[in-house]
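For reference, TrEMBL has these:
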type	residues	note
BINDING	S32, S59, V163	molybdate binding site
SIGNAL	1-22	signal peptide
Amino acid sequence: MRQRAVFFLALLWVSVIAMVNAEPLTIAAASSYRPILEPITQAYREQHQQVVRVIYGSSGKLATQIAAGAPFDLYFSANPRFMQKLRQQLLVDRVHDDGIGQLVLWAPRSKAALQPADIMQAEIRVAIAQPRHAPYGQAALGWLKNQGLYEQIKPKLVYAENVAQAAQMVFSGAADFGLVALSVVPLDARSENQLLQLQLDDSQRLQQNHARVAGSEQVTAARAFSQFYRQSQFDALKQRFGIQVRATELSP
């Protein structure tokens, strides 16, 4: 009888664990994170048997949703400004630096090595993410102004909701050039004729970071995913997709 009771208690405990893991972990992430988060999230699902949902968008719009009470557990931002604002409002916990994002000029149909002046050609369109809420759009605008190109290029600009959509506009031919994140450029479209990495000053630095949302009910799972994401085994993946990684720190 006692063995049977222990057996059923064990079954009950397994059921409780399964129910906990069945509760989805919901992540809000800047669209520039997508090529990096997808394989890492898949690996986490397989190892932890945890349901994980990722909502992608612009950093600014996602921050606005968090401030309005959206039920996210983790927030990945492409700009520290949005994260700092949430931190000041006590809406996120400890912030983890993920590395530095890279802005590039991308033209997948270019026949010669790209130069910044190429975007001055007549009758072309240049796609950028909406600067009002997208960090890579803000960086693109800042770079154009620093280069003295903004006034001339302004009529040629076409705006996307986020940097992934800006890259899609270029890929589809709706725009000729894109000022986008390196992370959203396909690996097979990065030749010197197609891609030019741009230098940004410190004020435009694209510091990537993430934090647990303070109102999250999935505290343990959120911390576990954060630690999993920060493992050094993923550094090469992050570097390949355009994130300059710093030394890894795994504390909660």
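Glycine residues also receive a Cβ, built from the backbone N, Cα and C atoms like all the rest.
TrEMBL annotations: computationally assigned, not manually curated.
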From the centroid of the CB atoms of S32, S59, V163, the recorded molybdate site, which same-chain residues not already listed sit within 8 A by their CB, in sequence order?
-> A30, S31, Y33, S58, A78, N79, G101, A129, A134, P135, Y136, N162, A164, A181
Determine the C-alpha span of the molybdate site listed in the record, that is the greatest distance between any two of S32, S59, V163, in Å to the nearest whole number.
-> 10
Tell me the Cβ neighbour count for V163 (molybdate binding site), meaning other Cβ atoms within 10 Å of its Cβ, over all protein chains shown.
-> 33
